[in-house]
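Annotated in Swiss-Prot:
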{"type": "BINDING", "residues": "G112, L131, G132, D133, F134, I135, L136", "note": "S-adenosyl-L-methionine binding site"}
Amino acid sequence: MNIDVITLFPDFFTSGLQSGLLGKALANHIATVNLINPRDFALDKHHRVDDIPYGGGVGMVLKPEPIFAAVNSVHRLPSTQVILLTPQGSPLTQTTLQDLSTNYQQLILICGHYEGVDERIRYLADREISLGDFILTCGEIPALALINGVVRLLPGTVGKVESLKAESFEDGLLDYPQYTRPAVFQDWQIPEVLRSGNHQLIAQWRKEQQIQRTQQRRPDLWEKFEERRKQKIEDRKHEQAE
């Protein structure tokens, strides 16, 4: 996969793109990340990329010309998504990451900055994505999160496919509790079922823990999980009736 990032601060990505599984994946050419600075496409000698907002107001707004030129400089593959990182976008979810990693050869990420972007920049984007209902100083943070989440789903990044399938959100539920040695730490003991060797009981316990955690910590996820479960039951009934 090719990932092109339109960013005013390329240095922000230096450490994040070189560390851990993401760094290894890029070194192994599972994905490539190209950083493009819109200042290189500015129209004046001072390389200005922002200006005051029409109508007044605080802060500065990213100008459309450098962003359009930067995006249009990218050689596009047949299946490409242009994504604007903005607090006004749809929340980034595991489902979104799966869609992007599976259905596209190339992502072009536009990192917002300052008070925001000129509204016309939105015409470049196929979709807008947000990390959540909060404000950050820059779009580089959600861009790096998106890159990490997408690349780790690409074949070859994570050693065991089972690791991906067993994670939080993969089945719509939070993950079950994980334990390692020692079996007892400061009077806290691991659940006996995990030492039983009975894989069926362990699987049952883990599923119960997933359900319990999701109900308690993320009732919104549990509600969606239940809706999908009921829909699957209805779909099976219709299939059997045909």
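Using the three backbone atoms N, Cα and C, a Cβ is placed for every residue, glycine included.
Other residues of the same chain near the S-adenosyl-L-methionine site, with their Cβ within 8 Å of the Cβ centroid of G112, L131, G132, D133, F134, I135, L136, are P87, S130, P142.
Sorted by the number of other CB atoms within 10 A, the binding-site residues G112, G132 start with G132, the lowest. Residues listed for S-adenosyl-L-methionine, G112, L131, G132, D133, F134, I135, L136, cover a largest CA to CA span of 15 Å. Highest local Cβ density among the binding-site residues L131, I135, L136 belongs to L131, counted as other Cβ atoms within 10 Å over all protein chains shown. Sequence-distant neighbours of D133 (S-adenosyl-L-methionine binding site) (same chain, 6+ apart, CB under 8 A from its CB) are P87, P91. Long-range neighbours of F134 (S-adenosyl-L-methionine binding site) (same chain, six or more residues apart, CB within less than 8 Å of its CB): P87.
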